[in-house]
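Pulled from Swiss-Prot, these are the features on record:
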- 20-163: domain 'SprT-like' (DOMAIN)
- His78, His82: Zn(2+) binding site (BINDING)
- Glu79: active site (ACT_SITE)
Amino acid sequence: MKTSRLPIAIQQAVMRRLREKLAQANLKLGRNYPEPKLSYTQRGTSAGTAWLESYEIRLNPVLLLENSEAFIEEVVPHELAHLLVWKHFGRVAPHGKEWKWMMESVLGVPARRTHQFELQSVRRNTFPYRCKCQEHQLTVRRHNRVVRGEAIYRCVHCGEQLVAK
């Protein structure tokens, strides 16, 4: 999905949130960090990614469109926090104490590492596997690891090894 397919109102709301949180951080930190580049090119099940070297935030347009309010409230500050931590502290753990501090104390947003958005529309192919108690859907990546003999997956409920159907 290209940026042009995202309604302009959603793009504007994303920019408002980004600028609001950046201004808040600059004020609290006594700095003048620049506005990062923003693109809507993230694919797959990730809501967004922060690219440190290029100082860029990439957002998933499908998840943004399907979860606009929560996405703008949580994901935009989450990715901005990664860039601000990198500028402020240098290279540290991605969701470490510095990031948590930046999220909660500086940006005033709960520090959650993962989103809870429905992923059905962005999931690619899955492969059916079975155990004693249920059927599981493995991602392409996990399926390929099983095929290459690089991984064995077990059911979290019964503990049995998953077998392709």
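Placed from the backbone N, Cα and C atoms, the Cβ positions cover glycine too.
Model, not experiment: these values are computed from the prediction.
Projection of Swiss-Prot feature records onto the structure.
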| residue | record | Cβ contacts under 8 Å, 6 or more apart |
| --- | --- | --- |
| His78 | Zn(2+) binding site | Ala47, Gly48, Met103, Val109, Arg112 |
| Glu79 | active site | Gly48, Thr49, Ala50, Ile57, Leu59 |
| His82 | Zn(2+) binding site | Ala50, Leu52, Pro94, Trp99 |
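DSSP places the residues of the domain 'SprT-like' (20-163) in helix, strand and coil in these numbers: 56 helix, 24 strand, 64 coil.
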